[in-house]
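Have a look at the structure below, then the notes.
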């Protein structure tokens, strides 16, 4: 990151909640709050804070003074910039809660997942709906069946969530196989260490399926803070309910578009937007004149529901629903009609009438799952299947997409290749990992109508990449705009790799100020395993012997002996045993605290890029938590000196753009 000077905060957790753009703006406001003595006190903050965008027109100067008075008895106390940021976050939470109680009553924790983590009020109706979902999908679970069904009128949901088992199980319901259940601590009574492990596994796994957990920590879940638990559960359930809203799972969605240009647009849409498009497609066929643009106000009168159900299930159709004038009675009839399709868990008549966006979304998604009403056009389905990427490209797209979403940038990625083509997302990521690198005055935020503005954004992306020593020979911004998948993946691999190496380099008391290379990571892993008395070694990140998983299990055991339960480990001799070990490795690493996004197939097939990310993540955790001599990276290390292969080096699969520049050399 040399050459780029951003606003640096010593508390990494605090810094992670802001982009560099936000930090620079807030720092300017902090400086403007200085008094005649060049100090900033709590007394100076109200007139400055009330003008900030997130607080303006929501909290008055008096409101802010009162809130600050609650946190300190001395308003003349001098504060530093970090205290200023914490005060701002607290005020932002208060403003969001106030807005939720007034203008945005019933706003969507499904649709605005990042904001739900700072809302302190919860909807009892949503809580009841989520409890019904949990009771239905986990009632047969061997461990949880002793605690289910949960009574939604009590705090039993939060009491049960405190051990972390419930949330881990719910993630597996949403995306089967995400967590190896052998890694979950499921004793009846857990000690604090085991409880924390479960929550660490939960949060890292939630990120790995697409949840945004920037503002949630393990302690929040140990304490089962209601607004955070409900916010996380809502995200997990949303992912489950919308899983089929893509061409890969439901190629019949091709019926919603007319030509190839529309197909590109469909691929880039968020699942909830696809659901709206599907709903409007059927409503238009039913002769309904209005367009449904949201899951709240546009559904309150129930007319759209009545037309949709009559079209999808004519055998249960009735004119009575539309003839009824009372909205609550109509909503009641809608639910009765939907129950005939086995859609009944998520909404009450009151939820429809009040326009509960979360629960309406869940209800519409459930209708889609039971009766999507799309024809089987074999020509269009064949076209959809032709558009699918090969398995490895799909896995890498998934990995980079989830990694970007985990960074907490403003833009949420639904389709990597489509969403990065404007360049804006990549600039946000670069600003996050290389603070101050982006010239925002020369950037254009989407939606972008003029194509050359996209090229300008992407040209800046390439320029910054070259300044970070990425290898980008013959690569131009237009390659990103055109959606060149290999070059996009190559650039993102270098971006992720740069981030990992910088994190390791920043642990200077280990690295002794030297650059970290791929060879350092390899040598550290081999030394660590050897120091634990194990015999496994890896020759490179492409070593085919890694496919059985034994090396990584021994490495994990070496950095934390109690984390691997060897009684459930297989010999890794058959494909099935390799899969079991690989799944267990990923869950154990996440349980330890590693934020990783690879899949078991990446270990089994020895995908060198993903193997490097896994090893580096384990190394980073170990160096953070155990400052012991064996972990220190020496100035010279000739062990494995013959290592000359870098997974970031140019390959036939990824051309020169895949190289890692100076950082790739050892």
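Any Cβ shown, glycine's included, is placed from N, Cα and C.
TrEMBL does not curate its annotations; it predicts them automatically.
Residues or ranges marked as compositional bias 'Low complexity' in TrEMBL: 647-659. Positions annotated as domain 'Calponin-homology (CH)' by TrEMBL: 124-241, 269-372, 394-500, 515-623. Here TrEMBL flags 628-666 as region 'Disordered'.
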Helix-strand-coil residue split for the domain 'Calponin-homology (CH)' (515-623), DSSP-based: 74 helix, 0 strand, 35 coil
Integer mean pLDDT for the domain 'Calponin-homology (CH)' (394-500): 94
Tally of DSSP helical, extended and coil residues in the domain 'Calponin-homology (CH)' (394-500): 68 helix, 0 strand, 39 coil
Secondary structure content, the domain 'Calponin-homology (CH)' (124-241) (per DSSP, counts of residues): 75 helix, 0 strand, 43 coil
Tally of DSSP helical, extended and coil residues in the domain 'Calponin-homology (CH)' (269-372): 68 helix, 0 strand, 36 coil
